[in-house]
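A.B. asks: Take a look at this one; I'll ask things after.
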Amino acid sequence: MDDDMEGGNLGPYQERPRAFPNMRSKSYTPLIFRIIMRINARVLFVLLLLGLGFIFYVGASTSSVIVFVFSVCTLSFLVALYLMKWVLAKDEGPPEMVEISDAIRDGAEGFFRTQYGTISKMAVLVGLVILSIYLFRSTTPQQKSSGLGRTTSAYITVAAFLLGALCSGIAGYVGMWVSVRANVRVSSAARRSAREALQVAVRAGGFSALVVVGMAVLGVAILYATFYIWLGVDSPGAMKVTDLPLLLVGYGFGASFVALFAQLGGGIYTKAADVGADLVGKVEQGIPEDDPRNPAVIADLVGDNVGDCAARGADLFESIAAEIISAMILGGSMAKRYPSGFILFPLVVHSFDLVISSVGIFSIRNTRDSGVIGAMEDPMAILQKGYSVTIILAVLTFGLSTRWMLYTEQAPSAWFNFALCGLVGIMTAYIFVWITKYYTDYKHEPVRTLALASSTGHGTNIIAGVSLGLESTALPVLAISISIISAFWLGQTSGLVDESGSPTGGLFGTAVATMGMLSTAAYVLTMDMFGPIADNAGGIVEMSQQPESVREITDLLDAVGNTTKATTKGFAIGSAALASFLLFSAYMDEVDIAIPEVFVGGLLGSMLIYLFSAWACAAVGRTAQEVVNEVRRQFIERPGIMDYKEKPDYGRCVSIVASASLREMIKPGALAIISPIVVGFLFRVLGYYTGHPLLGAKVVAAMLMFATVSGILMALFLNTAGGAWDNAKKYIETGALGGKGSDCHKAAITGDTVGDPFKDTAGPSLHVLIKMLATITLVMAPIFL
């Protein structure tokens with residue numbers, strides 16, 4: 001076929017053999033998996049049994065609750081393996097689909113190897129910096145009282161940081177691994193049934209979600225149990241169990257560190273390729289999305305996996321880990337007067353999350369349908385039913401968890417108040433899902449109004465999209481505000497008091513609300529993973545020139561996937577707001593910020609959010625310009641591409657976005673990490689000479705507060721506006737307002753390309769940044785305290 005292409009002897013595309021140019025390179029498998037695969041199956045089985053036995057022994061030596069957590073996580077991994085086996089048993093379709101899928105897989109795995117190699121080197125460097133800081137700082141009173149010296153504290157923090165980074169990287173790999181194998185199976189299933197395609201995509205996302213959430217819970221539990229035994233916690237002269245959660249902060253920072261760079265690098269990759277492909281392919285050349293004649297199409301499809309799947313897996317892992325650790329720290333302060341169940345409560349909640357989300361995933365079953373869109377139920381309604389099942393079970397299991405873990409004879413009804421706090425969080429999550437769906441689903445007025453604005457030109461589309469994004473911040477902020485105040489009040493009136501009789505449960509009530517919001521995280525992540533898998537499936541269908549009826553099914557699933565991705569981002573922002581509030585409170589316990597310098601710190605925090613967003617979007621813009629120039633060059637120098645007489649150089653675009661994204665992710669990522677450290681250090685020095693030794697801590701506290709508030713609003717705006725622009729384009733592509741190829745459609749494409757870096761690069765990176773600022777401040781506190 002290559003000879004025919006070079007000789008220009010091919011007829012119309014439909015009359016030629018449907019084959020994709022072979023781009024396969026040597027398949028990449030991480031070293032740890034290559035080692036495992038070389039081990040004899042029986043030996044591996046014995047090693048796994050010994051490993052499980054050791055883990056359960058450690059758990060049993062710590063607490064029966066830890067054994068319960070280990071058991072649930074193990075079962076969830078078995079369920080995930082079943083889902084993986086079920087998905088991989090589905091056929092991959094005809095050879096042309098397989099060849100396209102192989103090219104996508106190789107591109108994604110190659111970029112993952114390079115990107116995470118770079119991130120791992122930076123993580124080791126940061127680990128050495130943390131080690132140096134902890135080794136050379138003075139011993140704190142807490143260390144003296146617990147017998148934990150500088151050296152032990154240093155190595156514990158660094159080990160936790162590196163473990164968190166490793167687990168976050170594995171979570172990202174799992175997300176990408178399943179997506180590059182499920183996409184072609186969804187494409188093949190779409191040839192038979194729309195419902196089957198939906199089920200394959202959901203179960204593939206479910207595998208990734210259960211592994212990611214299970215790893216987050218298991219990682220924190222293992223670290224907690226290991227430190228408990230190793231340090232001889234609660235033995236005479238040793239650390240108290242109430243202080244143990246503070247040692248886990250490094251784990252959260254490691255997870256945030258990897259998630260931030262994964263989100264930045266993956267987001268720059270996917271959106272630069274997407275923008276370049278759309279601007280030249282759709283607008284200038286008038287060819288369909290994912291058309292095989294577009295030189296940037298493979299880079300675009302690869303980007304869906306490295307940006308939306310790998311990065312989101314690391315992101316959600318970090319969200320759950322940060323929330324668990326912050327709640328355990330607050331639980332430690334409560335456990336000084338009440339049962340230790342307050343510390344382990346977050347692990348129990350997320351263990352039940354794995355159970356109820358599994359039920360929600362399995363509630364989406366295949367039924368007979370004709371494969372025609374009109375004959376099947378709305379995919380969004382099907383996913384919503386599964387979410388409703390999960391929500392109902394979450395309410396029941398959350399009440400059970402609070403009664404089991406938070407009951408205390410000093411305040412017999414306190415557990416019920418905290419159950420209500422959890423209900424507040426669950427309701428907030430549901431409200432966030434509904435609000436985001438309202439502003440990003442083209443079945444509702446906002447997106448249709450945005451699409452209508454496209455009929456009068458590119459400028460009015462941009463104006464309407466920006467205004468929609470700004471408006472969309474109002475309802476979520478009101479929901480977060482009501483949630484925080486309600487949960488705090490319920491906690492304050494729970495009956496829990498300190499030594500002086502003052503109520504102490506308010507802040508912990510807010511922590512419980514955060515847990516409630518994330519109590520369905522595995523199912524929400526399933527819906528998120530569904531989006532890019534469906535998007536990739538549509539690309540494979542288009543490139544392999546399947547019948548229009550198949551493309552209609554994947555287009556519908558893709559549009560639903562856009563909404564679920566936007567929903568998950570809104571969900572993540574809400575949880576980030578609550579989780580960062582908890583971490584922020586843990587840091588501020590002893591710091592008074594009522595001084596003029598605080599205003600400067602606040603301004604710097606807000607500036608950080610805007611500067612970070614600007615650099616992230618600019619990185620996408622610069623890389624997209626390179627892609628646009630390359631695609632234009634190929635169309636000019638190879639005019640036969642449009643007639644299928646010459647093949648595009650897909651590899652060139654893949655190479656451009658891969659190298660550029662790795663280069664561009666460093667600048668905004670370094671800004672996020674260095675800013676709080678530099679600000680804290682400089683103001684500490686200033687405070688030393690002005691007689692205010694805690695000035696650095698106070699300024700950083702203000703920086704965190706203002707950055708959190710500004711970051712929440714900015715992320716809401718970016719994510720919602722980007723999702724609405726995307727689905728306005730999808731709505732027009734259904735045939736509305738002139739359909740594909742019309743002037744209205746071209747204006748909508750412009751809006752979509754503007755929104756691409758908003759929703760998939762800057763927006764998702766911001767809610768990682770919000771939590772990372774809090775964790776990095778806790779870890780690096782010795783610099784400015």
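Here the Cβ of each residue, glycine as well, is placed from N, Cα and C on the backbone.
The transmembrane segment annotation in TrEMBL covers 39-59, 65-84, 156-180, 200-224, 244-262, 342-362, 382-402, 414-435, 473-491, 503-525, 570-587, 699-718 (among others).
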A.B. asks: Quick check: do the transmembrane segment (503-525) and the transmembrane segment (382-402) share at least 3 Cβ pairs under 8 Å, counting only pairs 6+ apart in sequence?
C.D. replies: yes
A.B. asks: Report, as numbers and ranges, every residue of the chain located at least six residues beyond the transmembrane segment (699-718) whose Cβ falls under 8 Å of a Cβ in that stretch; write 'none' if there are none.
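C.D. replies: For the transmembrane segment (699-718), the list is 469-470, 472-473, 476-477, 480, 569-570, 573, 576-577, 580-581, 584, 587-588, 591, 593, 597-606, 608-610, 613, 675-676, 679-680, 683, 758-759, 762-764, 766-767, 769-770, 773-774, 777, 784.
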A.B. asks: What residues elsewhere in the chain lie close to the transmembrane segment (65-84), defined as a C-beta under 8 angstroms and at least 6 residues from its ends?
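C.D. replies: That would be 52, 55-56, 58-59, 178, 203-204, 206-207, 210-211, 213-214, 217-218, 221, 224-225, 341, 344, 347-348, 351-352, 354-355, 358, 361, 405.
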A.B. asks: Any residues 6+ beyond the ends of the transmembrane segment (382-402) with a Cβ under 8 Å from its own?
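C.D. replies: Apart from its flanks, the transmembrane segment (382-402) reaches 195, 198, 202, 345, 348-349, 352-353, 355-357, 359-361, 363-364, 415-416, 418-419, 422-423, 426, 429-430, 433, 512, 515-516, 519-520, 523-524, 527, 530, 560, 564.
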A.B. asks: Quick test of the contact rule: Cβ under 8 Å, at least six residues beyond the ends. What residues does that give for the transmembrane segment (156-180)?
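C.D. replies: Contacts with the transmembrane segment (156-180): 30, 84, 87, 101, 104-105, 108-109, 112, 116, 119-120, 123-124, 126-127, 130-131, 134, 148, 204-205, 207-208, 211-212, 215-216, 219, 223, 227, 247-259, 262, 304-306, 308-314, 316-318, 321, 529, 532-533, 536, 779.
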